[in-house]
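Annotated domain 'RecA family profile 1' per TrEMBL: 70-218, in sequence order. Residues or ranges marked as ATP binding site by TrEMBL: G99, H100, P101, G102, A103, G104, K105, S106. The motif 'RadA KNRFG motif' annotation in TrEMBL covers 255-259. Look at TrEMBL and you will find 354-454 tagged as region 'Lon-protease-like'.
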Amino acid sequence: MAKNKTAFVCNECGQDFPRWQGQCSACKEWNTITEVRLGSVKAARNSQFSGYAGEGASEVQTLNEIDLNELPRIPSSFTEFDRVLGGGIVPGSAILIGGHPGAGKSTLLLQTLCQLAESMPALYVTGEESLQQVAMRANRLGLPTDKLRMLSETSVERICDIAVKEKPKLIVVDSIQVMHMADVTSSPGSVSQVRESASYLTRFAKQQGIAVIMVGHVTKDGSLAGPKVLEHCIDCSVMFEGDSDSRYRTLRSHKNRFGAINELGVFAMTERGLKEVANPSAIFLSRGEGEASGSLVMVVWEGTRPLLVELQVLVDNSSMSHPRRVAVGMDANRLAMLLAVMHRHGGLQMSDQDVFVNVVGGVKVTETSADLTLLMAMVSSFRSNVLPNDLVVFGEVGLSGEIRPVPNGQERLVEAAKHGFKRAIVPKANAPKRPPEGMEVIGVNKLSEALASL
Ligand code: TYD
Ligand code: MG
């Protein structure tokens with residue numbers, strides 16, 4: 001009998017180790033390394049699909065001999081989804097959709113597949129919900145149900161064997177955490193099962209030219225293997241995020257072999273399923289009537305397009321010896337750094353003040369272009385100084401108080417002008433010679449200039 005191989009794998013980053021250790025030396029997380037029992041080759045041979053693998057024995061080719069006839073991408077029927085994927089689903093690719101339970105992954109994929117099945121064969125494999133539950137949801141959402149093939153199955157080998165007979169162009173596996181392979185001894189949902197199942201499905205996708213979309217749940221406590229361990233083998237990893245109490249969901253790619261990463265797609269969860277939001281700036285900007293201090297609009301760059309987002313800051317006298325600094329939707333370290341810059345180069349002391357920062361609409365801002373916006377909103381709140389409603393600000397702030405340019409300045413300004421903003425404070429290098437129609441653009445070089453221009 002073939003001896004089962006074991007490996008030690010970090011749940012967080014997927015790094016392999018020859019033996020167990022307390023801390024992962026790659027990602028420095030503690031207690032994340034678990035033993036993974038790798039399947040023996042024998043069982044894989046029993047599967048029909050592996051027979052195909054044997055037939056198509058690989059050959060060495062010169063780079064220019066390789067067939068460049070790219071297969072057309074499969075449009076997912078959601079333009080937002082397509083953009084996140086870099087222009088549609090690539091045939092034969094393996095895609096992972098991660099997200100918290102209840103984010104709406106199953107809904108998104110069911111809607112996509114029902115529409116797609118009208119024009120090409122597609123297979124929806126559900127391991128979590130019963131066929132009846134899925135059918136009821138499809139009916140309730142008024143989706144076309146006459147073409148989509150359904151399968152309730154959790155064995156990866158059987159799914160692949162059925163798919164070889166069914167010949168779909170696209171398979172959805174919902175979810176990868178309940179899938180198991182006969183050969184891997186640990187329970188479904190464990191790192192080894194998830195990793196082996198996903199890599200088996202990925203190989204299957206490549207060899208058969210069938211696109212496979214896998215659903216992966218992320219949990220905070222890490223009891224299920226997070227999609228992190230999978231990112232190595234799949235082609236494309238997208239995250240479906242959003243609080244269940246908020247209507248809006250964002251889809252973002254973290255890895256994409258066929259397109260740009262950090263593309264953002266915005267959806268709204270309604271009682272009739274997911275609807276795409278074509279103009280996300282408009283929803284994140286829906287500001288209440290009346291101006292308030294500490295609120296300011298910035299333009300962030302999301303993948304290939306600008307997005308207008310409102311930033312709110314509240315600065316208040318602190319009653320604690322360690323004043324609180326809370327940042328929602330932004331990096332707290334960046335906030336601490338900007339407070340220091342503000343003290344040294346802006347002459348404002350906030351060490352006895354609580355500072356709360358919130359990015360409206362549950363958006364996460366990782367860009368440095370928010371620095372200047374944050375500082376100016378902070379000053380506005382500190383001085384109870386209301387900023388004009390038609391002002392937009394962006395720019396990176398350096399440690400010596402200099403304002404640095406950010407990429408795509410022109411496009412950001414155009415987007416702001418399109419939404420009716422009349423004034424902009426931006427880094428000098430981003431200020432165009434000819435500002436967009438009807439907009440006054442102030443270019444600043446130093447933090448002091450920016451504060452003076454208020
Ligand atoms: P679901 O797709 O089951 O989430 P996941 O597969 O990511 O775990 O979505 C579940 C949530 O979506 C649930 O909390 C209810 C909500 N929802 C709606 O608001 N409207 C709808 O039409 C549907 C189908 C779900
Ligand atoms: Mg689900």
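Every residue, even glycine, has its Cβ placed from backbone N, Cα and C.
TrEMBL does not curate its annotations; it predicts them automatically.
These numbers come from a predicted model, not from an experiment.
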Binding-site residues: G102, G104 - member with fewest neighbouring CB atoms within 10 Å: G102
For the ATP site built from G99, H100, P101, G102, A103, G104, K105, S106, further residues of that chain with CB within 8 A of the site's CB center: H217, F240
Sparsest-packed of the listed binding-site residues (H100, K105) - C-beta count within 10 angstroms: H100
Spatial neighbours of S106 (ATP binding site) that are distant in sequence (at least 6 apart) but have CB under 8 A: T126, E128, E129, V134, R137, D174, V215
Among G99, G102, G104, S106, the binding-site residues whose C-beta sits under 6 Å from ligand 2: S106
Spatial neighbours, same chain, of G99 (ATP binding site) - Cβ under 8 Å, 6+ residues apart: K105, G216, H217, V218, M239, F240, E241
Distance-selected binding-site residues near ligand 1 (C-beta under 6 Å), from H100, P101, G104, K105: P101, G104, K105
Other CB atoms, at most 10 A from the CB of A103 (ATP binding site): 24
The domain 'RecA family profile 1' (70-218): DSSP-derived helix, strand, coil residue counts: 61 helix, 31 strand, 57 coil
Number of helical, extended and coil residues in the motif 'RadA KNRFG motif' (255-259), per DSSP: 0 helix, 2 strand, 3 coil
